[in-house]
Amino acid sequence: MDLLYYMTVSLLGFILSLTTFIGETTRALSDDVSSPCKASGFLGDIALTEDDYEREMIRARHNREQYRRRILQERQTRTTGARHHIKKRTIEEAKVRHVRAVTARPERRWTDAVIPYEIDGNFTGSQRAMFKQAMRHWENYTCITFVERNPANSEHDNHIVFTYQACGCCSFVGRKGDGAQAVSVGKNCDKFGVVVHELGHVVGFWHEHTRPDRNEFVGIVHQNIVPGQEYNFRVLDAAEVDSLGETYDFASIMHYARNTFSRGIWLDTILPRKDPESGIRPEIGQRKHLSEGDIIQANLLYKCPSCGRTLLESTGNFSSPEWPGQYDGDQTCVWRISVTPGETISLQFTGFELVGSDGCWYNYLEVRDGHWRHSPLLGRFCGASLPDPILSSDSRLWIELKSSAHRYSRGFAANYEAICGGHIERESGTLQSPNYPDDYHPSKECVWLITMPANYTVGLSFQSFEIERHETCIYDYVEVRDGHEDTSPLIGRYCGYFIPDDIKSTGNKMMVTFVSDGSVNKGGFSADFFKEKDECAQPDQGGCMDVCVNTIGSYRCDCRPGYELSSDGRRCEVAAEVYSLVYEGISPALLIPSPIRGTRTVSGRSSHHLTTGSHSSLSPLTSRVTRCASTTTLMSVAV
């Protein structure tokens, strides 16, 4: 079929996709969260911003004439015999065009490669754990850092929210910059590789097959594409992508599979061109892990230091380049240590030799108590003296080695260890088993002593729970006590796979202990702790006008029988009862306010029967006042 037909259908499908999206959101988002389902348009699972939409519409109109010219040129080529020359352009020859499918717009990149995140409460514990594993996968190979959003931190105003929307798997590309932006993980999308792919869009990646030079590496089989989905195979404009010196990556986790949007599972929509040497078509569309090209590209996009890395294990060691030999001057190395929330980090130096200077100005090692360069400074070191051991206040440390040109030193060597447990004096936070969300380590014992401000109690809510099962929990377990002593009252000992009920202390202290033996290891647990107060014990009962019911982390207002809660959630109003007229198999419902004093009149034929909301049948109606057998309410019935 004529290529013009496919170009036209593709253009129409793309325009339609930009103007409509059918479906209702599964998870309601607040107005200040940008939902990808309400985007101006879509390219596959990519949600387009209004700016993206305008750019694509302008480009679509501009390229329509170019499509026609290209067709004419190809026809002329066939008649002149030059078509054979075009076909002989190999992949190797095309490598001179280095364009990568990542955002070219600096404002779309996350500041200092830090991406704050939230996870909606509608996800299960195993899903939340998998999201964290996907984020750790990106952290493990790049300088990108995912941190749980702190609403009090203005640096976290721009953040992502994992949610479940009607668009299924979809996300914006890069940072929108106007507050919260949703990452939809819909039905059948909650798989590790798919989430890593969606996070690729968050980082700033477009789909690999949309690069401007893609036609040199893959062919699009238009006739096999589902009608209306042709726009997903458009080539991006060079203004949207950055030329970072990387060639086409068939192995990218951002690449479509051969049958994506295909009319049939065995029909190709994208066909990789054969390797000129082996004659084999490369595999595409993997959803297992970041490719080497993905890793290189992300580090180039965020200008990650070439020296250093992110350390995610519970224990480890690291050193300056070439240790114990001298490393070259004029280097910047950054190490990011991240352990399980609820743990702290013990850092010890085993060797240290840097060129000294006043204030350690030229060559230094800096250690910061947090996830980035703006975290509180724990120390700046130089010279030949071994620094004292360092203990973090939380689960992250940031270490930077800076050396000036023409100054050579041996550098340093250090090891670290995650310390689980400890004293916690915060109003809220998270406790997790060591190595969570991966399996916990054997032979571990962690004791957390939580203290809240006076006049508050401690609330504990488990989000996920998978501990080796035993009838009496003698092997691996989580134990909670109402106080800080081993002799404090036992609230419960938990193991197995069922999430324990919410827990609260009677005072402002709680002890949480995790124990694992040397054999079976499971996924562990994640629990949120927070300050808890009995609002119902306050003089105003939390504002409730009738009944106050205290719950973990909150409270609710309720009403006595015969009353119902008003729209403000605090006051009670006289309840309405439903009465039914039952006749000839038909039950029309009448909503009649329940009288406290006085009467209500219901009219009907003598053959009708009257029942209350409890469906207790009365005698045939007569002209008299009747007391209902199932209620004390007086009703006047007239015939």
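For all residues, glycine too, the Cβ spot is worked out from N, Cα and C.
Residues or ranges marked as signal peptide by Swiss-Prot: 1-23. What Swiss-Prot lists as domain 'Peptidase M12A' is 100-305, and the listing cites sequence analysis. The N-linked glycosylation site annotation in Swiss-Prot covers Asn122, Asn140, Asn317, Asn455 and rests on sequence analysis. Swiss-Prot lists Cys143-Cys304, Cys167-Cys189, Cys169-Cys170, Cys307-Cys333, Cys360-Cys382, Cys420-Cys446, Cys473-Cys495, Cys536-Cys548, Cys544-Cys557, Cys559-Cys572 with the feature disulfide bond. Residues or ranges marked as domain 'CUB 1' in Swiss-Prot (evidence: sequence analysis): 307-419. Annotated domain 'EGF-like' per Swiss-Prot: 532-573, in sequence order, evidence recorded as sequence analysis.
Here the features listed in Swiss-Prot are painted onto the structure.
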residue	record	contacts (Cβ under 8 Å, 6+ apart)
Asn140	N-linked glycosylation site	Thr310, Leu312
Cys169	disulfide bond	Asp45, Ser184, Val185, Gly186, Cys189, Val194, His197, Glu198
Cys307	disulfide bond	Pro321, Gln331, Thr332, Cys333, Val334, Leu401
Cys360	disulfide bond	Leu354, Arg380, Phe381, Cys382, Gly383
Cys420	disulfide bond	Thr340, Gly342, Glu343, Pro434, Lys444, Cys446, Phe514
Cys473	disulfide bond	Ile467, Arg493, Tyr494, Cys495, Gly496
Cys536	disulfide bond	Gly542, Cys544, Cys548, Val549, Asn550, Tyr555
Cα-nearest neighbour of Asn317 (N-linked glycosylation site) within the listed disulfide-bonded residues, Cys143, Cys304, Cys572:
Cys143
Of Cys143, Cys167, Cys170, Cys304, Asn455, Cys572, which recorded positions come within 10 Å of Cys557 (disulfide bond), going by C-alpha to C-alpha distance?
Cys572
If you average pLDDT over the domain 'EGF-like' (532-573), what do you get?
86
Quick check on the disulfide-bonded residues Cys167, Cys170, Cys304, Cys544, Cys572: which one has the highest count of other Cβ atoms within 10 Å of its Cβ?
Cys170
DSSP secondary structure for Cys420 (disulfide bond), reduced to helix/strand/coil, please.
strand
Cβ neighbour count (within 10 Å, all chains shown) around Cys382 (disulfide bond):
23
How many helix, strand and coil residues does the domain 'EGF-like' (532-573) contain under DSSP?
6 helix, 16 strand, 20 coil
Select the most exposed residue of Cys189, Cys446, where exposure means the fewest other Cβ atoms within 10 Å, treating these as the disulfide-bonded residues.
Cys189
Name the secondary structure element type, per DSSP in three states, that contains Cys360 (disulfide bond).
helix
Candidates Cys333, Cys559: member of the disulfide-bonded residues with the richest Cβ shell (10 Å):
Cys333
Measuring Cα to Cα, how many Å separate Cys304 (disulfide bond) from Cys170 (disulfide bond)?
27
